[in-house]
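TrEMBL annotations:
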- 28-51: region 'Disordered' (REGION)
- 116-136: transmembrane segment (TRANSMEM)
- 148-170: transmembrane segment (TRANSMEM)
- 223-243: transmembrane segment (TRANSMEM)
- 255-276: transmembrane segment (TRANSMEM)
- 328-346: transmembrane segment (TRANSMEM)
- 366-385: transmembrane segment (TRANSMEM)
- 529-549: transmembrane segment (TRANSMEM)
- 555-577: transmembrane segment (TRANSMEM)
- 637-656: transmembrane segment (TRANSMEM)
- 709-726: transmembrane segment (TRANSMEM)
- 756-772: transmembrane segment (TRANSMEM)
- 784-806: transmembrane segment (TRANSMEM)
Amino acid sequence: MSKSMPKSDTAIALPAIAALRSSSRSYSHSHSRSFSQPPHHDFSSSTSPVHGARAILPTPTTMTMSLTLTRTRSSRCSISRMEFDFDAIDEEDSPYPEVRASVSNIDDPDMPAMTIRMWFVGLLLCMTSCGLNVFFNFRNPAPNVVPLALVLISYPFGKFLAFTLPITTYRIPLPHLPRRMLPINQPSFYPLRVLVNYLLPLTFPRALEFSLNPGPWNIKEHVLVFIMANVAVTPPYALNAIVVSEVFYELKTSYWFGLTLCLATQLTGFGLAGLCRRFLVWPASMVWPQNLVACTLLNTLHAEDEDDGIGMYGGSGPGGKGMSRYKFFMITAFASFIFFFLPGYLFEALSIFSFICWAAPNNVPVNQLFGVRSGMGMGILTFDWTQISWIGSPLMVPWWAEVHIFAGFVLFYWILTPILYYTNSWQLAYFPIAANSPFDRFGKPYDVSRVLRHDDTFDEDAYNNYSPLYLPATYAMTYLLAFTLSTCVIVHTLLYHGKTLLNGFKRMRVEADDIHAKLMRYYPEVPDWWYAIGFCVFFALAVIAVEVWDTGVPVWALLLAVLLPMIYILPNGFIFAMTGQPISLNLVAQIIPGTLLPGQPLANMVFKAYSVQTLAAATSFVQDLKLGHYVKVPPRATFMVQMIATALAAFIQMGVKQWIFDNVHDICKPEQTSQLTCPHNQVFFTASAVWGLIGPVRQFGTGSIYHPHLYAIIIGVFLPLPFWFYQRRYPKSWVRYISTPVVLNGVSAIPPATGINYSSWFAVGFLFQYLVRKKNFAWWSKFNYVLSSALDSGTVISVMFIFFTLQFPRKGTITVKWWGNSIFTETADWKRLPLLDIPEGGLEWGPFKNTVAATAAAAAATVTGS
């Protein structure tokens with residue numbers, strides 16, 4: 001609301017404006033100034049501020065200035081005396097060009113956010129999507145309704161509601177105390193006077209005002225829908241533990257156990273995330289690259305670009321006309337939608353583009369090095385955006401992080417893994433170089449059922465008569481790096497971020513506020529005790545889940561399970577916020593219960609689900625808090641949306657799961673007619689049996705084949721030290737840019753990712769994040785993140801369209817049979833052939849040490865005798 005000032009205030013206001021100008025337009029609530037937007041910018045419309053625009057300060061004609069504790073109001077106008085040149089004010093924006101390219105540095109505090117239509121659109125789409133994703137979770141193959149797709153669907157939905165709903169403001173009178181109940185004059189008795197003053201405001205007439213249509217559909221409503229989708233549409237990780245216990249271990253559980261466990265695992269991380277805001281949300285250095293793509297897409301939909309002369313292919317010359325980001329988005333999204341029909345359905349060889357393997361289909365080393373499905377991906381080329389963006393969009397991750405990740409990939413998977421494999425270390429050469437499952441000594445996928453008793457406990461005799469568990473080369477390398485990372489990331493965080501952590505715990509400012517943090521100071525923050533109460537309540541729910549229902553998890557183990565994400569939340573957050581690559585607790589969260597609670601697969605699953613999901617949920621919540629920070633959404637609105645959407649989604653998700661298992665015949669069976677074979681749950685079952693039954697002691701203990709992996713834990717402690725000491729001695733050397741956890745963690749997506757997902761990802765990243773950014777920064781700033789979101793959006797819609805129209809009908813029999821869809825299936829890469837054949841009788845181990853030699857001797861004796 002604009003307020004004018006009396007002439008007497010003009011002399012006071014002008015020096016204040018000069019001071020404001022000299023401070024680069026930063027402001028503080030402690031100065032008691034309230035700003036409103038200039039009248040020539042209509043922020044109530046759907047047009048959001050264009051990114052990169054100058055941070056617009058209020059003119060003196062449109063602001064209420066109060067240099068004292070009392071605001072001065074007057075009906076007199078002094079427009080002519082208060083105008084001055086805003087172009088002379090310097091730009092204030094984020095110090096990071098990636099953020100400047102995608103996030104607006106201005107805000108309209110009056111823009112509505114938590115509207116009734118936002119709740120209607122968000123809850124309707126998110127609850128429907130979370131139910132669909134639970135169904136898809138049990139099917140193979142299946143698409144996935146991703147939050148980015150809901151951003152696109154909710155936009156026309158919101159615009160339609162803004163066009164059709166009445167704009168009337170409704171008033172609902174609220175009850176108030178009759179004035180006659182209180183004395184007219186102030187009582188002389190002090191306690192009574194205090195009571196009267198306390199009750200007096202309750203005698204004023206009040207009303208609850210709301211509108212179904214407070215104005216055009218705006219960016220703050222839209223981002224709240226996206227935040228709702230981020231936390232609600234993904235199936236809960238604990239669902240795997242529930243399904244596996246029912247189907248594979250035949251332990252009957254109830255709906256209420258599943259609901260309690262899901263709520264606990266989903267929302268304990270919510271409380272943990274809120275307590276980390278001062279470290280992971282408020283500092284400008286915590287960029288969160290994923291949010292830059294989302295901000296760009298949202299600003300593209302809601303902003304009107306000025307014509308800056310930059311077109312699709314760069315500058316259009318003097319007097320030329322550029323292209324708006326919205327038009328660029330629509331063109332590239334439609335093009336990616338159409339193009340994906342080639343690698344996704346009509347010409348699948350463009351996706352599995354192992355052209356070198358096609359020329360030598362039976363040469364195993366060539367297929368292992370250049371293969372796409374089970375190889376190292378040295379061929380680099382693929383034309384499938386889903387392959388390129390498997391580990392994240394290469395247009396999103398900063399260039400320095402991409403260099404770290406690819407350097408780690410080359411070092412560990414293009415150099416070290418082939419050396420170990422071709423020297424047959426740990427007997428790796430008898431198995432495929434890359435696979436998603438472990439093997440037995442006969443070269444077959446490990447059959448967990450052979451080491452299970454009827455009561456689902458470990459059968460040691462059967463294990464000794466069957467086989468130890470062998471890992472393919474990429475799996476062995478993944479575990480080796482995971483052991484190293486478990487200690488390296490903690491030491492690195494203490495060395496490089498120790499001062500930041502100490503200041504944060506002292507409630508001191510971690511780093512200077514950027515423009516976004518300054519603008520967010522307008523809104524009241526969520527108190528830390530809100531998050532602390534949430535953490536305690538949902539941890540209590542977890543205690544109820546493991547105590548009321550017989551899970552075999554003692555409370556002390558549950559405390560240990562929640563301690564792991566508490567330790568790793570800040571190291572994980574620092575790495576994720578700067579590189580876009582999260583850390584997973586999968587390995588540690590399986591080894592600890594496997595060691596402390598041996599032979600109890602259900603306890604192992606519950607421990608793992610609680611620990612892994614708490615960290616993943618906390619990271620997701622922090623990411624959304626940063627997204628709200630970028631779009632200037634009131635923090636309490638973000639808090640409400642995250643809490644309510646996650647809680648309601650748990651009811652829907654468990655209801656859908658219960659309905660499917662009550663009504664679908666042969667669920668999770670390989671021969672299920674609707675292909676509801678539960679592929680994710682089978683992987684989870686294998687992991688639970690391996691770590692909960694066989695246990696880490698047999699897998700990595702003394703005398704085991706993989707015992708050397710444990711020494712990686714010690715190496716991880718000392719790995720960051722040389723780089724830290726060197727950069728302390730030479731602070732301007734290139735060593736200061738090295739981050740050992742990023743090198744180790746960047747390749748953690750293998751498996752199920754393969755080499756092509758990294759090599760093609762880096763090639764595209766090199767093109768856009770280095771070459772284009774260096775040669776044409778203006779084009780990169782305007783279109784890079786728009787291109788990323790357009791490729792993601794168009795491809796997601798194309799995947800779902802192909803699935804529901806061509807793959808799902810007629811049980812997948814609608815196919816295109818020709819060379820382009822079959823050539824890659826005739827290679828050793830596709831067949832996952834190993835370098836060496838398994839000897840007759842299997843590999844030697846333990847009680848079968850001399851089996852192979854005895855078998856060979858017997859065969860030779862038979863031949864000699866004959």
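Note: Cβ is positioned from N, Cα and C throughout, glycine not excepted.
Same-chain residues lying 6+ beyond the ends of the transmembrane segment (756-772) with a Cβ under 8 Å from its Cβ atoms: 372, 375, 377-382, 387-392, 394-395, 397-399, 402, 405-406, 409, 413, 747, 749-750, 779-780, 784, 787. Packing against the transmembrane segment (529-549) from elsewhere in the chain are residues 253-254, 257, 260-261, 263-265, 267-268, 270-275, 555, 558, 562, 606, 610, 639, 643: each is 6 or more residues past its ends and has a CB under 8 Å from a CB in it.
Through the fold, the transmembrane segment (366-385) approaches residues 336, 340, 342-344, 350-357, 360, 413-414, 417-418, 421, 432-435, 754-760, 763, 791-792, 795, 824, 827-830, 832-833, 835 of its own chain, all at least 6 residues removed from its boundaries and within a Cβ separation under 8 Å. Sequence-distant neighbours of the transmembrane segment (555-577) (same chain, 6+ residues past either end, Cβ-Cβ under 8 Å): 268-269, 272-273, 276, 279-280, 286-288, 489-490, 492-493, 497, 501, 539, 542-543, 546-547, 583, 585, 588-589, 592-593, 596-597, 603, 607, 610-611, 614-615, 618-619, 622-623, 626, 739, 741-742, 745. Ranked by number of Cβ pairs under 8 Å to the transmembrane segment (255-276), the listed stretches 116-136, 148-170, 328-346, 637-656 are led by 637-656. Residues 113-114, 122-123, 126-127, 130-131, 134-135, 224, 227-228, 231-233, 235-236, 239, 255, 258-259, 262-263, 266-267, 270, 274, 526, 530, 534, 617, 621, 624-625, 628 of the same chain, all 6+ positions outside the transmembrane segment (637-656), place their C-beta atoms under 8 angstroms from a C-beta of that stretch. Counted over residue pairs separated by six or more positions, the transmembrane segment (784-806) shares fewer than 3 Cβ pairs under 8 angstroms with the transmembrane segment (116-136), which leaves the two as not touching.
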